[in-house]
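The active site, proton acceptor annotation in Swiss-Prot covers H362. Positions annotated as UDP-N-acetyl-alpha-D-glucosamine binding site by Swiss-Prot: 8-11, K22, Q73, 78-79, 100-102, G137, E152, N167, N225, R332, K350, Y365, N376. The annotation Mg(2+) binding site is assigned in Swiss-Prot to D102, N225. Under the heading acetyl-CoA binding site, Swiss-Prot lists A379, N385, Y386, S404, A422, R439, citing sequence analysis as support. Taken from Swiss-Prot, the feature region 'Pyrophosphorylase' applies to 1-227. The region 'Linker' feature in Swiss-Prot is assigned to 228-248; the stated evidence is sequence analysis. Among the features that Swiss-Prot reports, region 'N-acetyltransferase' is placed at 249-455, with the record citing sequence analysis.
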Amino acid sequence: MGLSVIILAAGQGKRMASSTPKILHPLGGIPLLERVVNTARLLNPHTIHVVYGNGGSHVREKLNYLPVHWIEQSQQLGTGHAVLQAIPFCQNEDRVLILYGDVPLISPKTLNSLLENTPSNGLGVVVAELPDPTGLGRIIRDDFGNILSIVEHKDVAEHQLKIREINTGIMTTTAMNLKKWLPQLNNNNCQKEYYLTDTVALAVAEGCPVGGVAAQCCEEVQGVNDRWELTKLERYYQRLMAKKLSLAGVTIIDPERFDARGENIEIAPDVVIDVNVILEGNVQLDRNVRIGPNVILKNTTVGENTEIHANSVIEAAVIKANCSVGPFARLRPGSVLEEGAKVGNFVEMKKTTLGRGSKANHLTYLGDTIIGKNVNVGAGTITCNYDGANKWQTKIEDGAFIGSNVALVAPLTVGKNATIGAGSTLSQDAPPDQLTVARERQRTIKGWHRPTKKE
């Protein structure tokens, strides 16, 4: 018996008050639907079907990299109708698992428990007990605790309102059962929709075993209906990430002011992360790295014993061991700092390699530049890499010394151990082991008087 997963993702999401389809809104930097797909893939299904509606082609275009079978529900007539669109693509003998694109934190552990504890011919649902179940379908049991049915909130009788055990919507049964039950559904309810939950009563009527598996926590089955619910779930997720990292040996100064936005974040023990740090995409921090406050790291690797000072923004960079960056530094994509390199305050780099032991400490722009080892780049140095049409490369060889306020008009090469005098503007190569100065000689104009205002 193979596993086929159906993810329902066709809801309109009106309460999000957004032009972006709800399932494309991110949690922890990843779209809600993508999170559910990633969890489903951990179960090794042979197929993942996604039933989509609201947002249509926009959803598919944005998430076209996902390994799923897309099925459009042109009319949103309820969850039962949505599953009916996908079930023809499932083999009769398949075990079908139904998930929701706006329930992003469901855990593989809970889903495995559901699959393992549901008889091969039975029906299983994930349930949860909430202090306030308002708006959610209730689990109706008999005097012996057996599940009889699920009643949606709008159809709940007054005496059932006190029930706090709710249906999460997550369900598993065979494809054959669903092919038999789904055509029997009707829309005789307050919402005039075909409820998937009505299959529970049909199963009970047939004598089919129906069981419930409890969620590990309320948050893992929390659906996202509006921005506030998403905000609360985001903070819960970030606390989980902070706890996980802390237990692995990472110091998080304040878990409430830490954000990890990506799946591939690897942090070694003895790393210290100060407040308001954002980690995005693929981030790797080696041992003894220190990240100052208000730092953004995106798709970046940082070597051991390196310190990133406050208010630095770093994207798609490689920073090797024993480096220092910032404060107020910006490293754009393609920046590489070799071991022991130093980038100081108000320095910007793009597509630039700063060699071993080299430093650019202040007020500098380095673009499309290859810098050797033990180079000193003085304050105010600018590589003029763009001529209005094309980008050009600057090369600064080992041991060079660039004075303050120097403009290097690419393409050019500064030779090994060359010295460039402060205030120079170079448009040609500077030879090695020589002092190159390109500025007008200082002069004083005698007898000059400052202009005065006319009376």
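Using the three backbone atoms N, Cα and C, a Cβ is placed for every residue, glycine included.
Shown on the structure are the features that Swiss-Prot records.
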| residue | record | Cβ neighbours (10 Å) |
| --- | --- | --- |
| G11 | UDP-N-acetyl-alpha-D-glucosamine binding site | 24 |
| G78 | UDP-N-acetyl-alpha-D-glucosamine binding site | 23 |
| D102 | Mg(2+) binding site | 25 |
| N225 | Mg(2+) binding site | 16 |
| R332 | UDP-N-acetyl-alpha-D-glucosamine binding site | 16 |
| H362 | active site, proton acceptor | 16 |
| N376 | UDP-N-acetyl-alpha-D-glucosamine binding site | 17 |
| A379 | acetyl-CoA binding site | 19 |
| S404 | acetyl-CoA binding site | 17 |
| R439 | acetyl-CoA binding site | 12 |
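Cβ-based crowding with a 10 Å cutoff singles out L8 as the top-ranked of the binding-site residues L8, A422. Residue density at Y386 (acetyl-CoA binding site): 12 other Cβ atoms are found within 10 A of its Cβ, drawing on all protein chains shown.
DSSP places the residues of the region 'Linker' (228-248) in helix, strand and coil in these numbers: 20 helix, 0 strand, 1 coil. Remote same-chain residues near the region 'Linker' (228-248) are listed as 16, 25, 27-28, 104-105, 219, 222, 255-256, 258-260, 265, 267, 269, 273 (criterion: CB distance under 8 Å, separation of at least six residues from the stretch ends). Here L8 (UDP-N-acetyl-alpha-D-glucosamine binding site) is positioned 50 angstrom away from N385 (acetyl-CoA binding site), judged by their C-alpha atoms. A C-beta separation below 8 Å, combined with a sequence spacing of at least six in one chain, links G101 (UDP-N-acetyl-alpha-D-glucosamine binding site) to I7, L8, A9, G11, K22, I23, L32, L33, V36, V50, Y52.
Each residue contributes its Cα atom, and for E152 (UDP-N-acetyl-alpha-D-glucosamine binding site) and the residue listed as 'active site, proton acceptor' those atoms are 63 Å apart. Spacing of A379 (acetyl-CoA binding site) relative to N225 (Mg(2+) binding site) is 52 Å (Cα to Cα, whole number). Cα of the residue listed as 'active site, proton acceptor' to Cα of S404 (acetyl-CoA binding site): a distance of 9 Å. Summarising the acetyl-CoA site geometry, the residues cited as binding it (A379, N385, Y386, S404, A422, R439) extend over a maximum Cα to Cα distance of 22 Å. The Cα atom of Y386 (acetyl-CoA binding site) lies nearest to that of R332, taking the binding-site residues G78, D102, N225, R332, N376 as the candidates. According to DSSP, Y386 (acetyl-CoA binding site) sits within a strand segment. Counting in whole angstrom, G78 (UDP-N-acetyl-alpha-D-glucosamine binding site) lies 76 from R439 (acetyl-CoA binding site) by their C-alpha atoms.
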